[in-house]
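Asker: The structure is given below, and queries will be raised subsequently.
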């Protein structure tokens, strides 16, 4: 039960950090409800340091947050699935899931369904393994960072848009 408390305490930190939800009263209330339910304000919750927050912060330094955010969101969806039958906190979980849906999936049900579908693929199934390896060569190029093939053109004149004389060109100075 202590690990569950720790996880939900970090849920508060992570959700606030990811969504900037300081002005969203109902979301904060629901997170506070979960904290109270799991007694996550207890001193033993902090033992061993943060579970997810430090990892997220270290990835933000590099600017590659989408990868780790998707793993963290996946973690929370699994956590919420494990807590699904608990009626005392179901409304809080639904509110937080709705906020994640808007912020992480841009309110796209298709993206949410694809995400959930990916998290439920049984990786121990030999048929799934064969299909995944077969598709690997096609998938890998889409996973690498995109290099900008087009370079931005620079303006030939100064900020004001006026004509600027070219150095060492007598015709432009006359």
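Each residue, glycine too, has its Cβ placed from N, Cα and C.
Annotations for this protein, taken from Swiss-Prot, read as follows:
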type	residues	note
SIGNAL	1-23	signal peptide
MOD_RES	24	pyrrolidone carboxylic acid
CARBOHYD	39	N-linked glycosylation site
CARBOHYD	106	N-linked glycosylation site
Asker: Whole-number answer please: how many Å between the C-alpha atoms of residue 39 (N-linked glycosylation site) and residue 106 (N-linked glycosylation site)?
Answerer: 32
Asker: Which of these glycosylation sites has the least crowded Cβ, counting other Cβ atoms within 10 Å: 39, 106?
Answerer: 106
Asker: Three-state secondary structure of residue 106 (N-linked glycosylation site) from DSSP?
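Answerer: DSSP call for residue 106 (N-linked glycosylation site): coil, neither helix nor strand.
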Asker: According to DSSP, which of helix, strand or coil covers residue 39 (N-linked glycosylation site)?
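Answerer: Coil, per DSSP.
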